[in-house]
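Asker: TrEMBL lists these features:
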DOMAIN    5-209  domain 'ABC transmembrane type-1'
TRANSMEM  12-32  transmembrane segment
TRANSMEM  39-62  transmembrane segment
TRANSMEM  82-109  transmembrane segment
TRANSMEM  130-152  transmembrane segment
TRANSMEM  191-210  transmembrane segment
Amino acid sequence: MKEALFLSLKLSFFTTLILLLISLVLSPLLAFKEFKGKSLVVALVTLPLVLPPTVLGFYLILLFSPESPFGKLVQSILGKTLLFSFEGLVVASVIYSLPLAVLPLTSAMEKIPKELIYTSYVFGYGKVETFFRVILPLSLNGLITSVVMSFANTMGEFGVVLMVGGNIPGETQTLSIFIYDAVQALDYKTAHRASVLLVGVSLLVMFIVLKVRGRVRVDV
């Protein structure tokens with residue numbers, strides 16, 4: 001159980017970190033820019049929300065397969081396939097949780113009064129300074145929401161992780177898959193302990209985030 005918990009925490013950490021970087025680039029683009037194909041980008045970002053995990057997992061298996069062009073490229077670079085590997089779990093989890101990271105931050109940025117951004121330009125701040133001094137602080141609650149939703153969703157993910165990573169103890173067996181195995185073996189005591197542990201970790205993360213959000217103050 002400890003190995004499965006550690007793997008889940010490790011997977012959630014790296015997935016959330018990557019999604020944070022992606023959302024900091026993609027969310028401002030979707031919130032403030034108008035460009036050709038924007039609706040398509042939004043649709044693609046949102047797609048994992050409506051796709052069944054098994055469908056997404058199936059197409060990721062095809063994508064990661066050593067027989068596919070992408071799979072061959074990855075194998076030539078890494079020397080191994082993404083299937084049934086921790087790296088594959090990270091990529092799959094990033095894709096699966098992408099809308100939960102990008103959309104809350106995009107929504108928060110869209111609510112920022114444009115006058116504040118224009119005022120920043122008037123005072124001589126460039127786009128980068130305006131982003132870090134005005135836009136990011138004013139959308140901090142959205143950023144925190146993105147982080148916690150990405151982390152919590154990855155901690156509890158089952159379908160995509162099982163299909164892409166299989167069920168290899170110590171390698172790709174997350175806590176949610178460990179619980180499934182315990183139930184399949186009719187070991188309800190172990191399943192209950194693991195479930196309580198997963199709920200406890202999720203509640204702890206939520207509590208910390210809510211406390212942080214309650215302390216967030218932005219001076220404009």
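Every residue gets a Cβ built from N, Cα and C, even glycine.
Give me the structural setting of these features: burial, nearby parts and distances.
Answerer: If you look at the transmembrane segment (39-62), the same-chain residues 6 or more away from its ends with a CB under 8 A from one of its CBs are 26, 30, 68, 83, 91-92, 95-100, 102-103, 157-160, 162-164.
Beyond the transmembrane segment (82-109), the same-chain residues lying 6 or more positions past its ends with a Cβ under 8 Å from any Cβ of the stretch are 7, 10-12, 14-16, 18-20, 22-24, 26-28, 30-32, 45-49, 53, 56-57, 60-61, 64-66, 71, 74, 135, 138-139, 141-143, 145-147, 149-150, 153-154, 157, 160-161, 164-166, 168, 171-172, 174.
Tertiary neighbourhood of the transmembrane segment (130-152): same-chain residues 12-13, 15-16, 19-20, 23, 28, 97, 100-102, 104-109, 111-112, 116-117, 120-121, 202, 205-206, 209, 212-213, 216, 218, 220, selected by CB-CB distance under 8 Å and a gap of 6+ residues from either end.
Tertiary proximity for the transmembrane segment (191-210) is limited to same-chain residues at least six positions away from its ends with a CB under 8 Å from its CB atoms, namely 1, 4-5, 8-9, 144-145, 147-148, 151-152, 155-156, 175-176, 178-179, 182-183.
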Asker: Against which stretches of its own chain does the transmembrane segment (12-32) lie, if we need a Cβ under 8 Å and a gap of at least six residues from its ends?
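Answerer: Tertiary neighbours of the transmembrane segment (12-32) are 38, 41-42, 45, 90, 93-94, 97-98, 101-102, 105-106, 109-110, 131, 135, 143, 146-147, 150-152, 154-155.
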